[in-house]
Structures are given as C-alpha cells and as structure tokens.
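Annotated in TrEMBL:
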type     : residues                     : note
ACT_SITE : H66                          : active site, proton acceptor
BINDING  : D67, V70, G72, D74, S76, E88 : Ca(2+) 1 binding site
BINDING  : P163                         : substrate binding site
BINDING  : H193                         : heme b binding site
BINDING  : T194, D240, T243             : Ca(2+) 2 binding site
DISULFID : C35-C115                     : disulfide bond
DISULFID : C68-C73                      : disulfide bond
DISULFID : C121-C316                    : disulfide bond
DISULFID : C200-C225                    : disulfide bond
SIGNAL   : 1-24                         : signal peptide
SITE     : R62                          : site 'Transition state stabilizer'
Amino acid sequence: MAAIHVNLLTLFYFLALLFSSSHGQLSTNFYATTCPNLPTIVRGAMTQALNSDSRIAASFLRLFFHDCFVNGCDASILLDDTTTFTGEKNAGPNAGTARGYEVIDTIKSQVEASCSGVVSCADILALATRDGVVLQGGQSWTVPLGRRDARTASQSAANSMLPDPASSLSALISSFSAKGFNAAEMTVLSGSHTIGQAGCENFRDRIYNQQNIDPAFATTRRATCPSTSGSGDRNLAPLDVQTPIRFENTYFQNLVAQRGLLNSDQVLFNNGSQDALVRTYSQNNARFLADFAAAMVKMGNLSPAAGTVTEVRRNCRRTN
C-alpha cells in the first residue's frame, strides 16, 4: 500500500508539472541551465529563414501580435484545427495570411533535439520575433522567458479582439487600451508595419476612395490592385514603400507624406491625437527603435487568464 501511495504522489507531481496553470513569473535566465543553447539555436534558424524569405521577420511579428492579443502569449495561434477542434489559424484575420508556421516547426525540432520537453512554443515565438526584428535592422530587447503553451484556442476571440485594417483611430486606441496599452504604445507598435506586406483587399478602399492620400502613391498602388472587389484581393504591396525589409522609422515618414497603405496606418497622422508623436518618430529613428523595443517587452508580458491550463508542447501544432 505504501508503494502505491508513493507512486500516486509521483504521478500527481508529474501531472502538476505537465499541466500547470497560466504562466509563472517570467525570467530572462529561465532556460540558463535547462536549455543554454536556446538563443543560439533560434538566432541561427531565423538567420537561415530570412536568407530564403525576406518577409519572415514581418510574418513573425504578425504571428506574435495575433497570438498575444488573443488571450495572452500562449502559442494558441500555432494549433492546427482538427475534426474536434477549431482554433485561431482560420479566423478571419489569420486565414490565408498568417504565415511562418513551418519555420516555427523547424526551430522547435532543433530545440527539442537539444533539450527535449523543456522550451515552450510561446517562448520560441517570442525569441524568434525579436531576432527577426534585429536581423532587419531593429534594436534588440531582452526577452523574459517562461511562458507556457495553451491547450486550447478561440477562433471567436481572434475574430473579435484583433484590430481591423480599416480601423479608425478611436477604435485602435480602444482595442489596445483593452490590453493595457496607451495610445503612444499603440502608435509605436504600429511601426511594425515598417516591414511586411498587405493584400489588395485590405487597402482597396483607401487607394480608390480616400482623400488623405498622396496621389502618386495611390496611382502606383492601383496598378496592382484592381478596383473591383474579388479581383486581385491577395495581390501584395509593401506596407513601407521606402524600405520594406529594413526595420526603421520610414513607416512614419510615409504617414507624414500621406503614403500610409492601410487606413489603420494613416489614421495615426490625420489631424488627430497621434500626429505629434508620428512626426517625432519620423525624425528620430533611435527614439522609435527604443520605444518599440520597450513596447514589445510589454506585449510579451500579456498572459493567459489566471487558472488557464497550460503545458509545454512537444509539437507546436498540437497539444500533448
């Protein structure tokens, strides 16, 4: 009987470790002893990925944002749908446009080979996002680690919590405020659009119907984005027309020149409350990069609700 009692206690302890609630206290040296090669593995994989796909840094930024804004930074966006489970990958803001999952798979495989069952997919996404920004010219930041992975996801939350490309300034401020960010932090995080691309369906109305747009810029974008809905919807254009694969303040310079691609971009500089900050960032790259790095640390601290059951996935696409 005593042996059975000990075995049950051991089993209970194991399950408690496997399925813990939410995130614990994040730490910059969380894996210092359990997976010391983690930073090197992630940086090497991201360097290789960027060499073959210059868009991947922007794709990871979008994945990270879309993950953290929906019930915290828990890698829920990485879960595949199954016959009994509908996740976030096919929510409106993600379906057909969120990308980079295969690179996550590659990094996770390399990490598992080095330290199996230790590093969460959520932490891998956070590190890879930072490295992508740095490799394209952005300022580095220290990533607190110790996140855990969700065992579920919410398509309805992804559909309702993520800002729309047509959002007004007030809608953006409200959306970010709900996650604990002020208007200035919302504006600097929008600077992530200094890299990446968007599909025609997301900027068609802006280039054909809005007045606060540089005419030459509108003409250029119309060349690959037909006015008819359903025609060329996925044709891509750079969010930053000047340096689409360089992380710097040219995004804000574009806004001052009325060359914001999305409505949710240009509303940041349209005789509103964020005009002065946009102009500051357009003239001060160092200020933008420093403020962006600080806001990304705050973004990475968004945690699942208390009591949420989490784990460290061995495969980022499915629960254990």
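Backbone N, Cα and C define each Cβ position, glycine as well.
For the binding-site residues listed here (S76, T194, T243), the lowest count of other CB atoms within 10 A around the CB belongs to T243. Within the set of disulfide-bonded residues (C35, C115), the lowest number of other Cβ atoms found within 10 Å of a Cβ is recorded at C115. Taking the centre of the Cβ atoms of D67, V70, G72, D74, S76, E88 as the Ca(2+) 1 site, the nearby residues of that chain (Cβ within 8 Å, site residues left out) are H66, C68, F69, N71, C73, A75, I77, A150, A153, S154, A158, P304. Taking the Cα atom of each, C73 (disulfide bond) and D67 (Ca(2+) 1 binding site) are about 6 angstrom apart. Between the C-alpha atoms of C225 (disulfide bond) and D240 (Ca(2+) 2 binding site), the distance comes to 16 Å.
For the Ca(2+) 2 site, the Cβ centre of T194, D240, T243 serves as reference, and the other residues of the chain with Cβ at most 8 Å from it are H193, I195, P238, L239, V241, Q242, P244, I245, R246, F247, E248, T250, Y251, N254. Taking the Cβ of C316 (disulfide bond) as centre and 10 Å as the limit, one finds 22 other Cβ atoms among all the protein chains shown. Around the Cβ of the residue listed as 'heme b binding site', 26 further Cβ atoms fall within 10 Å across all displayed protein chains.
Nearest in space to C316 (disulfide bond), taking C-alpha to C-alpha distance over the binding-site residues V70, H193, T194, is V70. If you take the Cα of C115 (disulfide bond) and the Cα of R62 (site 'Transition state stabilizer'), they are about 27 angstrom apart, rounded to a whole number. Among the recorded positions C35, E88, C121, the ones whose Cα is located within 10 Å of the Cα of H66 (active site, proton acceptor) are E88. Between the C-alpha atoms of D240 (Ca(2+) 2 binding site) and S76 (Ca(2+) 1 binding site), the distance comes to 29 Å. A separation of roughly 30 Å, to the nearest angstrom, links the Cα atoms of C200 (disulfide bond) and D74 (Ca(2+) 1 binding site). Nearest in space to C121 (disulfide bond), taking C-alpha to C-alpha distance over the binding-site residues D67, G72, S76, P163, T243, is S76. Taking each of the binding-site residues G72, P163 in turn and counting other Cβ atoms within 10 Å of its Cβ gives the largest count for G72.
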